[in-house]
Ligand SMILES: CSC[C@H]1O[C@H](OP(=O)(O)O)[C@H](O)[C@@H]1O
Ligand SMILES: Nc1ncnc2[nH]cnc12
């Protein structure tokens, strides 16, 4: 058994969480540079918690410039076992309305300008992201959100776009009608891929703020409408998070879906060909298998 540490990555509108006991902002250094901000650590119901604002307090990093590798490395380095991503998203479904939460389970990655792996020349690895989110964590988030009185949809495909501009109407219709996506945002990729490489269980909660630009009656997505919805979504997100420790418990067994063993057979580079400098950078992420 391993001691649970629940890490929450807070997206747009969620820059802090209240109610942690022994709350302290801590600076964490990583071989991939500084994370988005300091990490707030503490306990909730006796269970270790960490909170990292994805864009930094005051929203300083654009979706392209979020230091995704440093963020995931930093969470792994401080002992996080379970990562909950909480994000603002547009919706492609009439029934997934602003204010609703979606427990995302699939992604289409359309991002093009981001570092997407901890591995590369000197230590090559290929993990599976066929099922990029952890159903055990998804169950906990779904229950926590329902208990908090939030309308929650289980399962959805998240289109990760580069941004920072929103989609054109033609793109919006393509993602919805042809590709069958349910929600859209700018940040869950490569975050989810990196969490898998770091053997962290990862769940993504999409907090719907708008109907993007496909909806005949809602016009085009616009930031003022998003901001108006963000505040209520963020306090609901915090309510959901408050319920997670009681659902996940202080001790965790191995993940039944294997998230925490993703690197078991993933590294292809022969031991004698591995670059010691690259291995040194992988100490937190892949130390278990190196
Ligand atoms: C608030 S408008 C667009 C912005 O919001 C989302 O951020 P996050 O995923 O961190 O909640 C979206 O991905 C964009 O970055
Ligand atoms: N419509 C949208 N597209 C991309 N990211 C978003 N974040 C919130 N709404 C969004």
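Any Cβ shown, glycine's included, is placed from N, Cα and C.
Copied from TrEMBL, the annotated features are:
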type    : residues                : note
BINDING : 12, 54, 55, 87, 88, 187 : phosphate binding site
BINDING : 186, 210, 211, 212      : substrate binding site
DOMAIN  : 6-243                   : domain 'Nucleoside phosphorylase'
SITE    : 167                     : site 'Important for substrate specificity'
SITE    : 223                     : site 'Important for substrate specificity'
Which number gives the other C-beta atoms within 10 angstroms of the C-beta of residue 88 (phosphate binding site), all protein chains shown included?
24
What binding-site residues among 55, 88, 186, 211 have a C-beta sitting less than 6 Å from any atom of ligand 2?
88, 186
Out of 54, 186, 210, 211, 212, which binding-site residues lie by ligand 1, with a C-beta less than 6 Å from some atom of it?
54, 186
Enumerate same-chain residues with a sequence separation of six or more from residue 212 (substrate binding site) and a Cβ-Cβ distance below 8 A; give 'none' if the list is empty.
90, 91, 92, 166, 167, 172, 176, 184, 221
Per DSSP, to which secondary structure element type does residue 223 (site 'Important for substrate specificity') belong, with helix, strand and coil as the options?
helix
Give me the mean pLDDT over the domain 'Nucleoside phosphorylase' (6-243), rounded to a whole number.
97
Quick check for the class: what is the C-alpha distance, in angstrom and rounded, between residue 55 (phosphate binding site) and residue 210 (substrate binding site)?
20
Below 8 Å Cβ to Cβ and six or more residues apart, same chain only. Which residues does that give for residue 54 (phosphate binding site)?
9, 10, 11, 12, 36, 61, 66, 71, 85, 87, 187
Residues lining the phosphate site besides 12, 54, 55, 87, 88, 187 (CB within 8 A of their CB center) are 10, 11, 13, 14, 63, 86, 185, 186
Under 8 Å by Cβ from residue 211 (substrate binding site), counting only residues of that chain that are 6 or more apart
90, 91, 92, 98, 218, 221
Residue 88 (phosphate binding site): nearby recorded positions from 186, 210, 223, Cα cut-off 10 Å
186, 210
Pairwise Cα distance maximum in Å, phosphate-binding residues per record: 12, 54, 55, 87, 88, 187
12
Using a Cβ-Cβ cut-off under 8 angstroms and a sequence gap of six or more, which residues of the chain neighbour residue 186 (substrate binding site)?
63, 111, 160, 161, 162, 163, 164
Recorded substrate site residues 186, 210, 211, 212, farthest C-alpha pair in Å
15
